[in-house]
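Have a look at the structure below, then the notes.
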Amino acid sequence: MLTDADLDPAPLHGKTVAIIGFGNQGRAQALNLHDSGITVRVGLRPGSDRAAEAAAAGLTVLPPEEAAAGANLVFLLAPDEHLPAIYAAIEPRLAQGAALGFAHGLCIHYGLIVPRADLDVIMVAPKGPGAALRRLYTEGKGMVALAAVAQDATGNAWPLALAYAAALGSGRAGAGVLRSTFEQETVSDLFNEGAVVWGAVPAILEAGFETLVEAGIDPALAYLECVSELKLLADLVEARGIAGMREAISNTAEFRASRGGGRIVDDAVRATMRTMLAELRGNGFAQALSAEAAADYPTLRAERARARASALEAARVRLKG
Ligand SMILES: NC(=O)c1ccc[n+]([C@@H]2O[C@H](COP(=O)([O-])OP(=O)(O)OC[C@H]3O[C@@H](n4cnc5c(N)ncnc54)[C@H](OP(=O)(O)O)[C@@H]3O)[C@@H](O)[C@H]2O)c1
């Protein structure tokens, strides 16, 4: 882990950074850079609801092509599936030898964007949501980030990536910057999203809730047991690790957990995980994401509607109002 003692902010001094998009990451990164003394332009589509907030924060707001024109570094912080079209629109305006930045490696790793040969291509990927990236910065703290270089046309790509990570606050005490690659970041991120935290964990919470309710347990109690306790687990794991979490719970809970976890996450689950990881070697997921966006997100809309209409959501509303 590199910290501020290892990171030189100088490569960004006097440079102009264009941030395309002002959503989760764009807002946080633009504001952190601005507060770190970097000149920031925000690129937004005409009519964007977010232009007023960016301007009120003292940032220059321009259409994406104009924000990118002549900037030293252009970070693409709109949804991944829209980045190829955004890149195509701004490419003619990018200065020779400028740098192109990403917060996730998908478009580069799977070849959805093939940047011009004269450009540096870097990644600084904070390992958490934009709201937390911003909050930590304003508290004088930072968020762990991965840094990577896909194309080093000028020879300055790495110093620039590390200076950018420092300006985001990622080199501060308690955080740090991990050197990585576009491939490792993309594959591990997509694997986790599908097979671990964001894909498997909600699915197992739902399955546990439904199993209890089918057996006649009050849905409110099933929700408290199978869903609400996730926060207790997450806080303990964050503070003390999995080993410390086990020591912090009752002997009854720890003994029950020792007899249950391996039965659920059995050899078949591990085999499915390996299959899901192997699928990420090809670009099928990236193509499917592009097709999903082109069809106006039918899968995401259906999944959101299903979750909203579920018995689990009804129990949550009953408990929390
Ligand atoms: N979400 C996270 O916390 C997180 C964490 C780590 C990495 N990342 C990565 O960060 C990048 C940005 O993700 P995000 O979640 O921050 O995105 P997001 O919040 O969904 O981005 C929204 C912003 O993108 C703009 N935008 C959308 N489509 C556009 C288009 N076609 N042309 C121009 N601007 C467009 C929106 O413009 P309007 O204002 O006009 O709507 C808005 O300002 C992605 O590469 C993602 O993988 C995200």
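Each residue, glycine too, has its Cβ placed from N, Cα and C.
Note that the coordinates shown come from a computational prediction; the quantities given were computed from them, not determined experimentally.
Positions annotated as domain 'KARI N-terminal Rossmann' by TrEMBL: 1-180.
The average pLDDT for the domain 'KARI C-terminal knotted' (181-321) in the predicted structure is 97. Sequence annotations record features per position, and here TrEMBL assigns domain 'KARI C-terminal knotted' to 181-321.
Around Asp189 (Mg(2+) 1 binding site), the same-chain residues at least 6 positions away in sequence with a Cβ under 8 Å from its Cβ are His104, Gly105, Ala125. In the three-state DSSP scheme, Asp189 (Mg(2+) 1 binding site) is classed as helix. For Asp189, Glu193, the entry in TrEMBL reads Mg(2+) 1 binding site.
Every protein chain shown contributes to the tally, and the Cβ of Glu225 (Mg(2+) 2 binding site) ends up with 13 other Cβ atoms within 10 Å. Sequence annotations record features per position, and here TrEMBL assigns Mg(2+) 2 binding site to Asp189, Glu225, Glu229.
In the three-state DSSP scheme, Ser250 (substrate binding site) falls into the coil class. The annotation substrate binding site is assigned in TrEMBL to Ser250.
Here the candidates are the binding-site residues Glu225, Glu229, Ser250, and by Cα distance the one nearest Glu193 (Mg(2+) 1 binding site) turns out to be Glu229.
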